[in-house]
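In what follows, a single structure is set out as structure tokens and then discussed.
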Amino acid sequence: MWPVTGRPCPGSPPFSPPPPFVPPPTQSYIGGSRPTAAIAGGVAAGAALLFSAPAIWFAYWKRRRPLEHFFDVPAEEDPEVHLGQLKRFSLRELQVATDGFSNKNILGRGGFGKVYKGRLTDGALVAVKRLKEERTPGGELQFQTEVEMISMAVHRNLLRLRGFCMTPTERLLVYPYMANGSVASCLRAHPPSTPPLDWPMRKRIALGSARGLSYLHDHCDPKIIHRDVKAANILLDEEFEAVVGDFGLAKLMDYKDTHVITAVRGMIDHIAPEYLSTGKSSEKTDVFGYGIMLLELITGQRAFDLARLVNDDDVMLLDWVKALLKKKNWKYLLFQIFRTST
């Protein structure tokens, strides 16, 4: 084979440079198959989606997953937990707020425990209910469940739960402080700064407390039976609007057995007879207590008063009113009614 050189043969014309390379025009793929580049891009996108799908699904599942609302704090030194508008207080916070649960700050005593007036670090006045109960295994979870149920009952005429505290030895509930006390305190010896309850005000209190109970019975799921409706548990806010308090506490204190009522809650003076005999509560037992509260609101008399024995009257308000009506002693009854409104 002869070697190829860049020189022309003798007698032949000189070489001319080759024409520049021009690529063929791009072929249109309308109606045809996809180009290789598009296929490669689709494969790459599909692979990326395939590998990212688990991460996307995990993020979606985590977002839709219901949030835990309560966490067990085994000791008072643990940090506070904020649960939306419901706050978990440390025991130390409430000790400072109430001056170490000083007797001078006691607002009242009842079957559920003592209530203390307190002032938080932000200056807000609160009522701290220190529950008395026996500790049982598993009670912490039930306590948290009932606290959550109470916090979900929000109505103009219901006392709003602001927060709670739970330690191995303490159960406390924190409510807003009601400056005007309760219906019972206003009917008895109200302070000079507090005006007596006139009739329009009493009517407003009766309607407001009825709305609060109706919400507990008809709009809560599950429904809440108060089991201790009385004048002392109908509180009055700054505008003398009725606010039903202590709802849900009866079941909260009976968490030792979630299916059977372990004790009849409340005082005998405003408890329905069937509740005393059977231990079974219902909306009707709450309505009975509400009726006794109405009698207190109208007459200004206590639901149970040993002082009535001086006149050989019944100590129970319901029996006292029934006896007056039976004797048709309207004048005496009306005198008692109008005497309490002045």
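Positions of Cβ are set from backbone N, Cα and C atoms, glycine also.
Unlike curated records, TrEMBL annotations are generated automatically.
Annotation note: LYS129 (ATP binding site) sits in a strand segment as assigned by DSSP. Within the same chain, the residues at least 6 positions away from LYS129 (ATP binding site) whose Cβ sits under 8 Å from its Cβ are PHE112, GLY113, LYS114, VAL115, LEU172, LEU173, VAL174, TYR175, listed in sequence order. The ATP binding site annotation in TrEMBL covers LYS129.
The compositional bias 'Pro residues' annotation in TrEMBL covers 10-26.
Annotation source TrEMBL lists domain 'Protein kinase' at 101-342.
The transmembrane segment annotation in TrEMBL covers 37-60.
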